[in-house]
Amino acid sequence: MSSIEEEKNQILYGVSSVLSAPVNFANKKTELKILSDDGSIILSPTPSLDPADPLNWSLARKIGIVIIVTVWSAAALSTQSFLQNFLPNVSERFPNESDSRINLLVTITSPLVAPGELLLVPIAMTFGRRLCLLIAVVLLIVSSVVGATTTTYEGLLAARIIEGLAGGPTDAICFTIVQEISFTHERGLYIGAVAMGQLIVQFIFGVVTNYMAVYVGFKWPFVLFSCVSGVCFIALYLFMPETRYKRTTNEDEQVSLKEWKGRRPLLSNNPDFEPFTFKRQTQVWFGKGDDEYSDFWLIFRQMAKMCADPIVIWVALINTVSTGGMMGFSIYYATMLESSPWFWNAGNVGLISFAGLVAALFNIAVLGYGSDRLLIWYAKRREGKVSPENRLIPLIIPFVFSISYLVGFGFLAQDFFGAGTTAHWFSVVFIYFCCYVSFGGILETTYAYLSSVNTPEMSLAAMTVASVVRDMASFGMSYGITPFADNCGYKTSFGVYAVLIAFFSLFGIPVYLYGGKLRSKLNFTV
């Protein structure tokens, strides 16, 4: 055998005995080593020698998966929120309905995302992520068709209900998929790309659907979403293999980024693993797994455990208030822009979404990529080790933006709906920018943190709990904002949101300082 062949075999199989050891998912480590003594990046999780391992997939495939889940989830989220841009037109379409019932069309989807999650997440855990997402896309297609063909308030409300259920996997499952295809040192950028990519695509949909609804017809936004959903279904089927993977890696094994890049092209010839053929990549039904996750009800027991975890509850509550404030702001800004003294054309209201586009790019750069660079910076100063709590430091930025925009909008709305405002319309645009820096930044940073402290299965449980609590509670907060503002004033109602954000943000200090010790006592993995 030549020296080249010997070297090739050593690269492929030299660590097979180490990689076959079972994972200890109950370790009590609170820190993770991501840099070697010479400054090289150490990959975590450690990739296997299997070409079907999502960590071993090419960068092009990973980017493709990010694009697919981003466009699909953005479409699902847009169907939930796109009505808010032309809410006055909805009121004109159904003149006999009260303001509360019109607002219900906007807000009803939020609490239904939670039941959708509880229906679809067990499927993702037991039967795989692919099957779960394909089912969700079919539901989205059905809801869009119903919305396009109905002519009654009740029919539109039914379409909105189905849309809410279809949006169940948009957070927890999408971020879990990202966790399964990315390494720790790059996960902030990946999660940021999905979270902020969702907002960017939503903003594009917001502008397009607004013009469609105002100038072409009320049904055409639903036609657009049905077409986009159909394309996403095909793309998911053809280009996104199953990302659920049973990893058997010894926690003491270390593979550098350079070593992995050298051996990855050789994995397709590894006879120890089944070839990763196109037929295998497009397989939909895998049946139940052969481990503990074959239990359909396991996810509910894990979520029950997460409900007792103060860190998960903190993440849920801070996202609840953030989402509630964003939805409350969304109820009013379109009406304000179309009224005196600004008199925006109804078809142009969607252009405000470009402020959100800038916010999304800001969050990707500062809170996504910046979070990864901050992690590397910490590792260089701590013998290559970091703790997941280091990812919480950038939360300071969206917290400040959140308090500022909520207080500012409360005063602006109080003047606008009172004696009348002399402020420029750009004040609403700037508040919109701050709103989405806050909402997107809090979501992106806290979910990146949850994905850093748990295995994918436990992350799925933790993020599902956080999402369910957020969607249910934020619906109540946003649906009640109209009578609250009428009775107590806009300064008071939005000021309450600001106080709640400030209150829960203070809990981030003990989470950062003592989160590692708490996770150690709870046997959470890193």
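Yeah, the Cβs are placed from backbone N, Cα and C, and that goes for glycine too.
Fair warning: this is a prediction, and the values are worked out from it, not measured in the lab.
Record features (TrEMBL):
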type     : residues : note
TRANSMEM : 63-82    : transmembrane segment
DOMAIN   : 65-519   : domain 'Major facilitator superfamily (MFS) profile'
TRANSMEM : 102-124  : transmembrane segment
TRANSMEM : 131-151  : transmembrane segment
TRANSMEM : 157-178  : transmembrane segment
TRANSMEM : 190-214  : transmembrane segment
TRANSMEM : 220-240  : transmembrane segment
TRANSMEM : 311-334  : transmembrane segment
TRANSMEM : 346-371  : transmembrane segment
TRANSMEM : 392-413  : transmembrane segment
TRANSMEM : 425-450  : transmembrane segment
TRANSMEM : 494-514  : transmembrane segment
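At the 8 Å Cβ threshold, with sequence separation of at least 6, the transmembrane segment (425-450) comes into contact with the transmembrane segment (190-214) through 3 or more pairs.
Within the chain carrying the transmembrane segment (131-151), a Cβ under 8 angstroms from the stretch's Cβ atoms is held by residues 69, 72, 75-76, 79, 116, 120-121, 123-124, 158-160, 162-163, 165-169, 173, 219-220, 222-223, 225-226, 229-230, 232-233, 236-237, 240, 284-286, all 6 or more beyond its ends. Annotation: stretch 190-214 has the most Cβ pairs under 8 Å to the transmembrane segment (346-371), among 63-82, 102-124, 157-178, 190-214, 392-413.
Tertiary neighbourhood of the transmembrane segment (102-124): same-chain residues 79-81, 83-84, 87, 90-91, 94, 131-133, 135-136, 139, 156-157, 160-161, 163-173, 176, 244, 296-297, 299-300, 323, 327, 330-331, 460, 464, 467-468, 471-472, 474-476, 478-479, 482, selected by CB-CB distance under 8 Å and a gap of 6+ residues from either end.
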